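Written below as structure tokens is the structure these notes are about.
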Amino acid sequence: MKLKFGSVEENVVTREEFPLEKAREVLKNEVIAVLGYGVQGPGQALNLKDNGFNVIVGQRKGSKTWDKAVSDGWVPGETLFELEEACERGTILQFLLSDAGQIALWPTVKKHLTPGKALYFSHGFGVTYKEKTGIVPPADVDVILVAPKGSGTSLRRMFVEGRGLNSSYAIYQDATGKAKDRVVALGIGVGSGYLFETDFYREVTSDLTGERGTLMGAIQGIFAAQYEVLRANGHTPSEAFNETVEELTQSLMPLVAENGMDWMYANCSTTAQRGALDWWKPFRDATKPVFEALYDSVKTGKEAQKSIDSNSKSDYREKLEEELKELRESEMWQAGAVVRQLRPENN
Ligand SMILES: NC(=O)C1=CN([C@@H]2O[C@H](COP(=O)(O)OP(=O)(O)OC[C@H]3O[C@@H](n4cnc5c(N)ncnc54)[C@H](O)[C@@H]3O)[C@@H](O)[C@H]2O)C=CC1
Ligand SMILES: CC(=O)[C@](C)(O)C(=O)O
Ligand SMILES: [Mg+2]
Ligand SMILES: [Mg+2]
């Protein structure tokens, strides 16, 4: 249906409009092969299975995630296969390897993309940056996208709680005339709360911006900046952490999630409201040039290239883990660990 977001009309698909029974009907003759069992793989595969679809998982045998798949209930030789065998058996191939990992597996996937199959992504990365990835799908398959707007961990948790994370959907290529039904059915099947329409280019550029920006990069940056200023001015770690992170995640963000920013403001003191209303614009103005530089780096393909280069190295996991460790061991997040332990529900 068409829905107005502010003054802009967009296409969205809700569960009421496209119920699960319809999705099951659309996909009743399909074998959905989920390739890769990292973060999105388990979330999407388990939700699909619990929703009654015909799902198999493809993963490298002998890997840690193969064992995880087994412990999640996937049965080797029945619903769990080596990647190539899964590519052969699947009629819909859900390409859920890491974006860099997809480059290495592409020749295998391509080989098994016989006419009428569907190639499914959860990111516009592979085909948008085809000059860098070499991922150019054959003309006689559907190429579709469902991108859950959040971690696969949340996708699964929210599904189990009876909620639903929202996703975007897109069609890059409709070879069978059934791409729209297939993509929407899959979007509903993986547990999306609702779906909003996009295209591959807009999905990847917005997603890369979001995760580098307010969702992950910028938020750690402003946390660190405020924490450092508080500490430099004699505040204790617990005070600095509480005033920077804990209050935000525990008290204020849930209010924003519930009913918007003005609602959160309205539930704080008039002292806080006065100050926040005075200061949000200087913060916007100070950071906007950084966001512009970021978007430019995304648009020119620099961010994609960096991600491919570093995540294609054989020791990419260890390298990432080293940097995550640095974050974890920073005073701010060490203080956070103690603060979390002190939450009454955690002891
Ligand atoms: N992590 C998330 O929650 C989200 C991910 N996405 C997208 O979903 C897709 C999958 O992402 P993640 O689940 O984060 O992937 P991931 O980084 O967890 O990797 C998935 C699997 O790929 C395997 N892999 C990596 N390189 C390989 C190679 N060369 N050969 C064979 N297997 C290899 C890993 O062992 C892992 O099992 C990506 O396109 C990503 O951008 C989209 C939304 C959120
Ligand atoms: C969770 C999500 O949607 C991200 C941040 O874009 C990703 O994991 O790539
Ligand atoms: Mg992303
Ligand atoms: Mg994302």
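Placed from the backbone N, Cα and C atoms, the Cβ positions cover glycine too.
Note that TrEMBL annotation is computational and uncurated.
Copied from TrEMBL, the annotated features are:
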type    : residues               : note
DOMAIN  : 8-198                  : domain 'KARI N-terminal Rossmann'
DOMAIN  : 199-346                : domain 'KARI C-terminal knotted'
BINDING : Asp207, Glu243, Glu247 : Mg(2+) 2 binding site
BINDING : Asp207, Glu211         : Mg(2+) 1 binding site
BINDING : Ser269                 : substrate binding site
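Per DSSP, the domain 'KARI C-terminal knotted' (199-346) is made up of 126 helix, 0 strand, 22 coil.
The 6 Å Cβ screen around ligand 2 retains nothing from the binding-site residues Glu243, Glu247, Ser269.
Proximity to ligand 4 (Cβ under 6 Å from any of its atoms) holds for these binding-site residues out of Asp207, Glu243, Glu247, Ser269: Asp207. Put simply, the residue listed as 'substrate binding site' is 14 Å from Glu247 (Mg(2+) 2 binding site) when counted between their Cα atoms. Note: the Cα of Glu243 (Mg(2+) 2 binding site) and the Cα of the residue listed as 'substrate binding site' are spaced 15 Å from each other.
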